[in-house]
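The annotation region 'Disordered' is assigned in Swiss-Prot to 1-32. Among the features that Swiss-Prot reports, compositional bias 'Polar residues' is placed at 8-32. What Swiss-Prot records for His65, Asn138 is active site. Residues or ranges marked as heme binding site by Swiss-Prot: Tyr348.
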Amino acid sequence: MDPYKFRPSSSNDTPFWTTNAGDPVSNNNSSMTVGPRGPILLEDYHMIEKLANFTRERIPERVVHARGMSAKGFFEVTHDVTDLTCADFLRAPGVQTPVIVRFSTVIHERGSPETLRDPRGFATKFYTREGNFDIVGNNFPVFFIRDGIKFPDVVHAFKPNPKSHIQEYWRIFDFCSHHPESLSTFAWFFDDVGIPQDYRHMEGFGVHTYCLINKAGKVTYVKFHWKPTCGVKCLMDDEAIKVGGANHSHATQDLYDSIAAGNFPEWKLMIQTMDPADEDKFSFDPLDMTKIWPEDMFPLHPVGRLVLNRNIDNWFAENEMLAFNPAHVVPGVYYSNDKLFQLRLFAYSDTQRHRLGTNYLQLPVNAPKCPYHNNHYDGFMNFMHRDEEVDYFQSRYDPVRHAEKVPIPNAICSGRREKCVIEKEDNFRQPGDRYRSWAPDRQERFLCRLVNALSEPRITHEIRSIWVSWWTQCDKSLGQKLASRLNVRPNI
């Protein structure tokens, strides 16, 4: 073993107790005192180190998606998509790429029950030969807001009251009463899918519109969908109370136990595609993440399969320190001008540096599994071995060069600097279509949940009236039923 290349690992554990520096500890049961009943001595370094380490075990939890569980596996291409993208990991059917996936709730704290009504996160990290590619999505295909500048506000509204630390619907409906685009997501939130049975029976969506680019430079808009092969299953409200009361980590345990038993969960990756030349032809804006692309207009096409066949080895190292970033794309995949997507490109790396440190990408779970090279040096907790003498670019002593240029979207943008709302809001059509697609019993469950939430005492008559009017514009019969049960007259 080269002592200068040694890295700490439990595979190198000694048979006896030591300090973090490797010094032997002969007694880990008693502190050092002056006599058997005297005061503890400050020179008991092992005790000081043990306590200091303990009081620093926890790191800042994620501001959203704090409660979650990860698993490892592979993604395998099953269908040829080289006409759409030059991405190496999608180069041919049969190609496999290692992945790690993290499932999560969104709003509630680390350790909260996994049976609460809440969107779920579905984040996938592909360790490709061209670098890491992260699809950081949810189990809903839409989101509450369309402009990233409102992201802190919507999270604050859904988070607990800063005075009482209690989550309250009056705060949620007050904030969202200024944002009718949130109706689309509430049509998922208060639906049966608002509480998945577990992570294995849950859909995933990339939510944003991405761009695929082929070798010729042709750009295609794309939406990513994960479809569980075992089907979608949800918990009804009474079931969720029973399950959560018996085991607040039921989804985590289900995922872990299923993989351990060899019952590997699997999802099909499906895509919807659109020619950017057609984006102005629809009643909605295809880059508006509060909208779905109707499947009758944009059918799903299969791409590959995701199989999770290995549990993580250490929850803290591979779940808490796992960091996703929508900005991590590979050649052949790029961003769109979705306003929330654009904000996330900055926000995720920023929060990971706060939570994990400037060198979070050196952590094994986050580091790419391919060679890489840059001059990003030093900083706290830098443990990368480097022996170069040149830490600048360009140099005649270091032959490193620019990478081969890859095609990216090159559409010309023009316009004035301004802060404005998109032209095609179309806030009511899709939630109404979704409601009308349900069977009557499902409609009734949705209505009951909505009525219960809007019946919170602190919600004013004005706010209730706004929501009744909006849902009436989505579907007249829904609005009438809601108005009757809330004793509110629609005001359209």
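Keep in mind that glycine also has a Cβ here, set from the backbone N, Cα and C atoms.
Overlay of Swiss-Prot feature records on the structure.
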residue	record	contacts (Cβ under 8 Å, 6+ apart)
His65	active site	Arg102, Ser104, Thr105, Val106, Gly121, Ala123
Asn138	active site	Val106, Pro119, Arg120, Gly121, Phe122, Gly204, Phe205, Val207
Tyr348	heme binding site	Val136, Ala323, Phe324, Asn325, Pro326, Ala327
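With DSSP classes pooled into helix, strand and coil, the tally for the compositional bias 'Polar residues' (8-32) is 3 helix, 2 strand, 20 coil. In the three-state DSSP assignment, the secondary structure recorded for Asn138 (active site) is strand. In the three-state DSSP classification, Tyr348 (heme binding site) falls within a helix.
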